[in-house]
Amino acid sequence: MSLHRLRGRHLLWLADYTGEEIRHMVELTLEMKRRYYAGERVIPVLRGRSVGLLFEKPSTRTRISLEVAVAQLGGHTVYMTPSETQLGRGETVADTARVLSRYLDAIVARVRSHKTLEEMARHASIPVINGLSDLTHPLQAIADMATILEKKGRLEGVKLAFVGDGADNVLHSLLLAGSKLGLHITVATPPQIRPDERILSIALKAAEESGGSVEIVSDPYEAVRGADVVYTDVWVSMGQESMAEEKVQLLKPYQVNAKLMEATGGRAIFMHCLPAKRGQEVTDEVIDGPWSAVWDQAENRLHAHKAVLSLLVP
């Protein structure tokens, strides 16, 4: 695959990328990690480059790992929130994108609405990269696929069980990535909460082509039987506080605890994109226990960001 095909492209969601391109990002993530631990703390492919971080929503992992990633690639970051820019005073997303394109080499945007990303990409002349939206979280999915490859030695044929909120943005990106990479994904979620239908349709078609599968069930124990990976996320995301009580009651049977992990048959790892609401979607004994790959997964965000930025930033 020619790397020039990726240079300068937006990354709004993984539906725009082939399985081969996603796999290359995943493998480069682990290569970046190997080089880091071999002593290459700086790989200066972004020397002289500036990456803007435009965040409507606060972050620990995304912001810090991106700032460190750009530094380890020899570039530098400019962090912005709407209140610190004219976006907070009514300047349009389109005008902001045009202006930032004159100063920066790429924009990573963490936004409340996916439509904001799409509008930014329409008017920017530099890559716009999704650092999280209400619909998807592609950078997280790249790190997650790298973690699975690192822990299981393969992606094709891996059984991933996602237990919890079926409309979760991270799940959407796991569906888009995993279906193109040959994973067997089972989502256990209440019938009232389903993945975005457009994303589900794309994932089902991609799974047919890759030899993977996608299934939606309501029983968490059915989902995790024989699973290689059990994955969950918070039940109430930022901006959903008004529906917190109703959602928590609905999702209580979907808590990942030791009993559920033992039902996998003993070979599964546990993954969570963090932050975790301990005692809600996952218990301490799971996230801190022998199943947990969460801390390696969190570290791999750093290396995934290096991989993606090194491929996309011109």
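Residue 1 is the first one shown; counting continues down the chain.
Just so it is clear, glycine is given a Cβ too, placed from its N, Cα and C backbone atoms.
As annotated by Swiss-Prot, carbamoyl phosphate binding site applies to S59, T60, R61, T62, Q86, R110, H137, P138, L139, Q140, C273, L274, R301, with the evidence given as sequence analysis. Per Swiss-Prot, the feature L-ornithine binding site maps to N169, D233, S237, M238.
Structure coloured by features recorded in Swiss-Prot.
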residue	record	CB count, 10 Å
S59	carbamoyl phosphate binding site	16
R61	carbamoyl phosphate binding site	18
Q86	carbamoyl phosphate binding site	12
H137	carbamoyl phosphate binding site	27
L139	carbamoyl phosphate binding site	29
N169	L-ornithine binding site	25
D233	L-ornithine binding site	25
S237	L-ornithine binding site	18
C273	carbamoyl phosphate binding site	27
R301	carbamoyl phosphate binding site	26
TODO: Express the distance between the Cα positions of S237 (L-ornithine binding site) and L139 (carbamoyl phosphate binding site) as a whole number of Å.
DONE: 17
Task: Site extent for carbamoyl phosphate, whole Å (max Cα pair distance, S59, T60, R61, T62, Q86, R110, H137, P138, L139, Q140, C273, L274, R301) - done: 32
